[in-house]
Amino acid sequence: MIKQPFLLTKFTPFSSKSKHTLFTFHCNFSIKMASLTARATPTVQNVPGLTPEEMERVCEQTFQRYESGGLGKRKGKGVAIVWFRNDLRVLDNEALLRAWVSSEAILPVYCVDPRLFGTTHYFGLPKTGALRAQFIIECLNDLKRNLVKRGLDLLIQHGKPEEIIPFLAKAYKAHTVYAHKETCSEEVKVEKLVTRNLQKLVAPSSGGLGNEPRSINTTKLELVWGGTMYHIDDLPFDCESLPDVYTQFRKVFAPQYIFDRWNTNPKFVIALDSQHHLVLHQRLGIGDMSHKLLSSGFSRKRQVSKGMNFVGGESAALGRVHDYFWKKDLLKVYKETRNGMLGPDYSTKFSPWLASGSLSPRFIYEEVKRYEKERLSNDSTYWVLFELIWRDYFRFLSIKLGNLLFQAGGPQKVNINWSQDQTMFDAWRRGQTGYPLIDANMKELATTGFMSNRGRQIVCSFLVRDMGIDWRMGAEWFETCLLDYDPCSNYGNWTYGAGVGNDPREDRYFSIPKQAQNYDPEGEFVAYWLPELRALPREKRHSPGMMYLNPIVALKHGYTKKTGDSKTAFSSRRGRPEDNRRK
């Protein structure tokens with residue numbers, strides 16, 4: 001028997017008069033942190049910091065917590081396919097729920113699309129780096145385990161979805177393919193190709209398993225919305241009329257309006273009663289590709305040698321929510337610690353699981369409200385939701401902007417003569433610029449696949465403002481490296497940072513000395529990632545002079561002398577007129 005999961009189809013969270021941060025990288029929840037600053041030791045810290053047994057226990061307890069009344073007798077016929085994309089979860093997965101309701105057998109499928117392991121559009125960088133590939137493997141393995149526990153199995157196939165999905169639909173005589181809707185051009189193109197190829201199929205019209213009677217005898221692709229906290233149908237305007245500025249978007253909704261519309265029973269699929277789902281692909285002799293992932297696009301396994309090691313999968317995601325909110329009780333101080341840079345606990349670190357869809361933003365909302373009810377409500381509990389609203393905004397904005405999000409001039413169509421100097425760019429991405437704060441952040445990114453929100457703002461500003469390099473080169477390197485990459489948030493934030501987005505502040509410059517003083521005052525972060533600076537006095541770690549690499553460029557504002565004179569490190573200078581223009 002399936003129990004009614006948590007009705008979260010439509011949702012609108014509340015707004016606030018609080019100031020907002022314009023460069024939020026999907027729920028990375030950056031942090032300024034004194035009390036929780038991690039001491040720099042060259043060890044690997046798993047995120048979440050739970051054993052596999054603890055994660056499994058938390059996962060099952062969470063599933064049980066959100067079980068609610070039954071759906072009644074299942075009336076669906078035939079076979080439905082669930083095409084998993086960036087929704088690698090059981091909890092709050094509406095595509096999975098709809099498939100269960102509408103059929104008597106379900107085939108969950110994931111396609112390892114070779115295009116995801118090609119190169120980026122402009123500069124030929126790898127679209128998916130080794131760390132994110134490994135993370136996705138872990139997400140798929142965990143999804144498979146959770147489905148098997150519920151009488152299903154995950155069929156993993158290597159190839160293009162527009163070829164695999166129609167083939168499977170024909171083989172199983174499926175009446176519908178359910179999947180979550182995406183918004184950017186590459187993903188939307190795949191959806192259209194799948195639809196077109198499905199329309200070429202003509203299925204039998206008689207009854208029985210795999211032969212559901214219907215008026216139109218082609219398999220249809222049904223796309224559902226499920227990756228945001230706001231539901232797209234709850235917006236009081238269509239996406240083409242979306243406000244150009246985030247503040248205007250956030251202020252549209254009054255708190256009472258949002259709470260009136262919020263349904264407190266999230267939609268979760270927990271228990272399934274039929275075992276024939278499990279053996280469908282075995283019956284037809286279609287091989288499962290999961291054992292071949294490492295040799296078919298997902299590169300060889302890469303171990304994190306230092307810093308944070310994020311564990312992929314829904315079980316780990318739910319474990320992290322439990323660990324951060326309930327076990328360590330850190331939600332109440334989130335707003336004060338979010339701009340930190342070192343260690344796992346200065347921020348929520350939910351973003352990698354949100355990007356893979358292992359974690360639902362609506363589930364985070366529900367857990368925040370439960371925390372507010374059982375423990376306390378303050379600015380920090382609101383601020384976690386505030387960051388999720390930013391993530392939603394970028395998703396809706398991608399619909400409005402289309403490919404302007406990826407073009408050099410951005411949404412503003414600004415004509416800037418960007419440099420594409422490869423040597424300069426390589427120094428930036430390898431962490432060899434001569435500026436410890438930049439280099440430490442870039443080394444963390446390459447080593448772990450993660451960078452703090454604060455760090456992302458700083459390295460973006462440096463690449464664009466101080467080096468004058470094309471922002472798309474930075475965005476594509478982030479696309480390669482980030483565990484939490486998604487096109488909407490990544491490119492949306494880079495357009496803001498480059499001054500070509502919808503940000504009303506045209507020239508957003510982050511002074512490296514000022515940022516270092518504010519967010520790494522003792523140099524612990526840079527000493528961790530650049531151990532050659534560990535022996536220096538703390539006040540010299542950000543301005544090591546001849547003890548470190550020569551700076552590759554002079555800073556536009558607030559420069560540090562090569563000699564490391566701390567008295568002048570944070571002084572501002574008026575550059576030459578050509579230095580002050582937007583490059």
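Backbone N, Cα and C define each Cβ position, glycine as well.
Just so you know, TrEMBL annotations never went through curation; they're auto-generated.
According to TrEMBL, the protein carries these features:
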type: DOMAIN; residues: 78-219; note: domain 'Photolyase/cryptochrome alpha/beta'
type: BINDING; residues: Tyr334, 347-351, 387-394, 484-486; note: FAD binding site
type: SITE; residues: Trp418; note: site 'Electron transfer via tryptophanyl radical'
type: SITE; residues: Trp471; note: site 'Electron transfer via tryptophanyl radical'
type: SITE; residues: Trp494; note: site 'Electron transfer via tryptophanyl radical'
type: REGION; residues: 560-583; note: region 'Disordered'
Self-check item: Residue among the recorded positions Trp390, Trp494 whose Cβ has the most other Cβ atoms within 10 Å
Solution: Trp494
Quiz prompt | the domain 'Photolyase/cryptochrome alpha/beta' (78-219) - residue tally per DSSP class, helix then strand then coil | solution = 59 helix, 25 strand, 58 coil
Exercise. Measuring CA to CA, name the entry from the recorded sites Trp418, Trp471, Trp494 that ends up nearest Tyr334 (FAD binding site).
Key: Trp494
Quiz item: Looking at the recorded positions Lys349, Tyr393, Trp471, Tyr485, which has the shortest Cα distance to Trp418 (site 'Electron transfer via tryptophanyl radical')?
Solution: Trp471
Quiz item: Near Trp494 (site 'Electron transfer via tryptophanyl radical'), meaning Cα within 10 Å, which of Glu387, Tyr393, Tyr485 (binding-site residues)?
Solution: none
Self-check item: Same-chain residues at least 6 apart in sequence whose Cβ lies under 8 Å from Tyr393 (FAD binding site)
Solution: Leu242, Tyr246, Phe249, Arg250
Quiz item: How big is the gap, in Å, between the Cα of Trp471 (site 'Electron transfer via tryptophanyl radical') and that of Tyr485 (FAD binding site), rounded to a whole number?
Solution: 16
Practice problem: Among the recorded positions listed here (Tyr334, Trp418, Trp471, Tyr485), identify the one with the smallest other-Cβ count within 10 Å. | Solution: Trp418
Practice problem: List nothing but the one residue from Lys349, Glu387 whose Cβ has the fewest other Cβ atoms within 10 Å; the candidates are the binding-site residues. | Solution: Lys349
